[in-house]
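Below is one structure; the comments refer to it alone.
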Amino acid sequence: MSVAVVWTVAGSDSGGGAGIQADLNTFRSLNVHGCSVITTVTAQNSVETTGLFPLAADAIRQQLECLQQDMSPAAIKIGLLSNLQQLQCVADFLRQWPDTLPRPFVVWDPVVVSTQQDRLSELPPEHCTELLPLVDIMTPNLDELSWLSGVEVIDENSMCRAAEKLFHAGLTQVLITGTEFGHSDEISDYYLSADGHIQYIQQNLETKHSHGTGCTLSSAIASVIAHDYPLEDAITVANAYVHQGLIEAKGIGRGQGPVAHTHWPQPIDHFPRIKTPELPCVDLQFPRLDQEPGLYPVVDSYEWIEKLLKLGIKTLQLRIKDPDAPQLEAAIKKSIQLAEQYSAQLFINDHWQLAIKQNAYGVHLGQEDLTEANLHAIQQAGLRLGISTHSYTELLIAQAYKPSYIALGHIFPTQTKAMPSKPQGLERLRLYVALLAPTNIPAVAIGGISLDRVAAVKATGINGIAVVSAITAANDVEQAVRQLLKEMKADVEIKSALEVAHAK
Ligand SMILES: Cc1ncc(COP(=O)(O)OP(=O)(O)O)c(N)n1
Ligand SMILES: Cc1nc(C(=O)O)sc1CCOP(=O)(O)O
Ligand SMILES: [Mg+2]
């Protein structure tokens, strides 16, 4: 498999904690190939910066052009630009990006002062606007945001006003880092764009050894984007990578030591809490499932429910998408009653009010339903809850509600439903399953899972496999269910054989 290339266009930190050195360490830890375009050589240690040697624009241009001819990037991280000539050189280069090459994702971390409070750039803020329309996201801290916008940022309101000014100048997305706003025990990064507003919250670690966190965060975002994750996940993973690095940081030098460079973030404790204005902030916990989900068919009628219960299915879902379907309530009621007789775990998709009214075993909700449904009422009624997720970010949102299971989709391309996201594949599924393991929330995989894929999906450690067409489109439904159930049990038999072998 080809290795994604990411460039950093930044200053060299002789102390190795920030700048190019932090970026290249991050790239390596997150499994991308890093290329470097040095803008400025700094003489710097953990205590102070004693010298700044900006390179001429020609030197920067030549590095950029040389790389472009051979090592085209999936993403570019821009850090220290020391003066107007350097900024214009980078802006011209991006403006003239050839149509023959895929356009890279560009992250700009506008470095103005060092951690040691030494001024690193002579750039006048009003000239930074030239680069704003050419970058995909900017990652200023509060001081940098104030400097760039001319707005003194002291709270959420002034932060939004400052961001608005940058949006007017052509920026489309911004991640404002390291805000406390009166909560000294928590530290938040705010993602703002025309589409929304996401707050990534961590416990404030108050470590002294945080040199290079801004550089690390922005180069981690570029790395995760290069792995083709959506932006909100790139921010989530980068945030967790920095948190992990702050915990692992060792003091090197007499001053502020560098953030540590580790590996793809894991476990879940390093990941942020995610807040949006739309999501309910409620402290909930839903009942556990009575049985492992195992094979979990998702079907659209009472007749299917009846057929599958008779074939021995123990976890299943009634998914009737049309809210005006005739006999909707009757189908839900009959299905619930029959599933009870078979001691099966029946989840009702979407129609949570009817599920409560008819005392269902459980409800399955999508992410967009979380803002509309009354989660408190579902919990009060004693129903189980399953939640769909399609990314790291959605997974973190879902697990905060402590649901009865979390669905991870869509793993493979599916014809059953038009999906706005890309298929996740087995590698990501493995990462999500490992992330969820300490929470004890069962994980269910869904999307494009056919009989021949069951073994590989099971090998990720998943607790259940949800299928639609593998059953509903089968020529012989009875045979399909029998084969799927057998395949689901197959590795259990292998495992018990292995356990026997180990026990000997
Ligand atoms: C087990 C399972 N996983 C995911 C889904 C999808 O649910 P949702 O996101 O609510 O989308 P719709 O099914 O309503 O289209 C599911 N139904 N079951
Ligand atoms: C209903 C549904 N939800 C998904 C998700 O990822 O949330 S994928 C999906 C369709 C699954 O059907 P099939 O097994 O035929 O691919
Ligand atoms: Mg739904």
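Numbering starts at 1 and runs along the chain as it is shown here.
Cβ from N, Cα, C; glycine included.
A TrEMBL annotation is a machine prediction, not a hand-curated record.
According to TrEMBL, the 4-amino-2-methyl-5-(diphosphooxymethyl)pyrimidine binding site annotation covers Q317, L318, R319, I320, K321, N349, S388, K417. For the recorded site, Q317 (4-amino-2-methyl-5-(diphosphooxymethyl)pyrimidine binding site), the DSSP three-state label reads strand. The number of other CB atoms found within 10 A of the CB of Q317 (4-amino-2-methyl-5-(diphosphooxymethyl)pyrimidine binding site), across every protein chain shown, is 25.
TrEMBL lists D350, D369 with the feature Mg(2+) binding site. In the three-state DSSP reading, D369 (Mg(2+) binding site) counts as helix.
Taken from TrEMBL, the feature domain 'Pyridoxamine kinase/Phosphomethylpyrimidine kinase' applies to 13-259.
Taken from TrEMBL, the feature domain 'Thiamine phosphate synthase/TenI' applies to 301-471.
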Legend entry - Cβ-Cβ neighbours of I320 (4-amino-2-methyl-5-(diphosphooxymethyl)pyrimidine binding site) (radius 10 Å): 20
Inset, instruction - Give, as a single whole number between 0 and 100, the mean pLDDT over the domain 'Thiamine phosphate synthase/TenI' (301-471). - result: 97
Inset, instruction - Report the binding-site residues (R319, I320, N349, D350, S388, K417) that meet this criterion: Cβ distance to the nearest atom of ligand 3 under 6 Å. Use sequence order and write none if nothing qualifies. - result: N349, D350
Legend entry - Listed binding-site residues with Cβ under 6 Å from ligand 2, out of N349, D350, D369, S388, K417: S388, K417
Inset, instruction - Calculate the distance in Å between the alpha carbons (Cα) of K321 (4-amino-2-methyl-5-(diphosphooxymethyl)pyrimidine binding site) and D350 (Mg(2+) binding site), and round it to a whole number. - result: 8
Inset, instruction - Can you check which residues sit near D369 (Mg(2+) binding site), meaning Cβ under 8 Å from its Cβ, same chain, 6 or more apart in sequence, and list them in order? - result: D350, W352
Legend entry - Secondary structure of S388 (4-amino-2-methyl-5-(diphosphooxymethyl)pyrimidine binding site) (DSSP, helix/strand/coil): strand
Legend entry - Cβ neighbours within the same chain of L318 (4-amino-2-methyl-5-(diphosphooxymethyl)pyrimidine binding site) - under 8 Å, at least six residues apart: V299, D300, S301, Y302, I305, A331, I332, S335, L346, F347, I348, N349
